[in-house]
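If you check Swiss-Prot, you get these features:
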{"type": "ACT_SITE", "residues": "328", "note": "active site, cysteine persulfide intermediate"}
{"type": "BINDING", "residues": "75, 76, 155, 183, 203, 204, 205, 243", "note": "pyridoxal 5'-phosphate binding site"}
{"type": "BINDING", "residues": "328", "note": "[2Fe-2S] cluster binding site"}
{"type": "MOD_RES", "residues": "206", "note": "N6-(pyridoxal phosphate)lysine"}
């Protein structure tokens, strides 16, 4: 077993060796290096064929038509294209958008930008377990609502939203429905033939493909229109200009092909490992599971350890690559906005750790993790005056702290 142990698969994944090998064939003079937009020679045709194959592989995993897949530089760009693209195109119809407070920053900050441009955004607070209350969502829908954007699986706590029902609610009212599926694609079954989802964002690097490539699913029937955010040569049916990075696209396609083949068995394996981890630490005093294990993705476990400072815990767990919050925001010392939105106090939010498991996680690593966490929590609490007071029965919330 190699240390440190990587348990941050929700931040990024290593590229699968099968994917890397495939990508190598599309870089050098000996490989297929052409520009897929070059129509006049075989270098271009071969590159275009490789892109078509990858587009099909992605569409097959999610039950879409390959013509509905638009390549972007990642899920952040896909979120931006979806939300700004719809807002700009449909603004004559209305200027109201609904999303939730626990979305990824790529959705929240895009909505904030639209607010500055005169759109109105409703941010729904989820229930205590992170799930959106559908009655609240329905109550928020108005005549001028043009877009609802709700993620499939939350990147911090792993809860799964009921996108099937939300899709029905939106479709019956003629509201466009966007789903950020970055954390769910290749992990949970997605069938866009059945789901009433109009736009869906995907990433390559969260599912053992390369970084710097993603895609946006744009429904054709009923047709969803977008205003392009990137202008140029009119690539990707005018929705996203820019020369296609063939090696990245091939890598993403291969990663999605592998995910389709291995998903069912792999998710059972990860669910077993996640449960093993939780069962190994849930009898520690003052430990709280964030999210909902029943309605949660099989690969994410977010836990708060009361009376232990999150940063010091991460230092103590230096043999584990874990995070507090998401990778995009964990550099700030602010407690996770996702956990705050669940109504959690600052102390508990500060003491949270996200364990996210993946393809190369082993049972041996999980057992090592359990032992290390138990030891570290014990040691840090021995040093903690707050823990001592708690054990003596002092109500810590009633203490008047001196302000210096």
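Every residue, even glycine, has its Cβ placed from backbone N, Cα and C.
Small disclaimer: the values here were computed from a predicted structure and weren't measured.
Positions of Swiss-Prot features highlighted on the structure.
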{"residue": "75", "record": "pyridoxal 5'-phosphate binding site", "Cβ contacts under 8 Å, 6 or more apart": "104, 106, 180, 182, 201, 202, 203, 206, 214"}
{"residue": "76", "record": "pyridoxal 5'-phosphate binding site", "Cβ contacts under 8 Å, 6 or more apart": "106, 214"}
{"residue": "183", "record": "pyridoxal 5'-phosphate binding site", "Cβ contacts under 8 Å, 6 or more apart": "10, 151, 152, 153, 154, 155, 158, 206, 297, 300"}
{"residue": "204", "record": "pyridoxal 5'-phosphate binding site", "Cβ contacts under 8 Å, 6 or more apart": "74, 210, 211, 212, 213, 214, 248, 251, 252, 255"}
{"residue": "205", "record": "pyridoxal 5'-phosphate binding site", "Cβ contacts under 8 Å, 6 or more apart": "12, 13, 15, 74, 211, 212, 213"}
{"residue": "243", "record": "pyridoxal 5'-phosphate binding site", "Cβ contacts under 8 Å, 6 or more apart": "35, 36, 37, 233, 235"}
Can you tell me how many other Cβ atoms are located within 10 Å of the Cβ belonging to residue 203 (pyridoxal 5'-phosphate binding site)?
28
The largest Cα to Cα distance in Å among the residues 75, 76, 155, 183, 203, 204, 205, 243, listed in the record as binding pyridoxal 5'-phosphate, is 30
Check residue 203 (pyridoxal 5'-phosphate binding site) against DSSP and tell me helix, strand or coil, would you?
strand
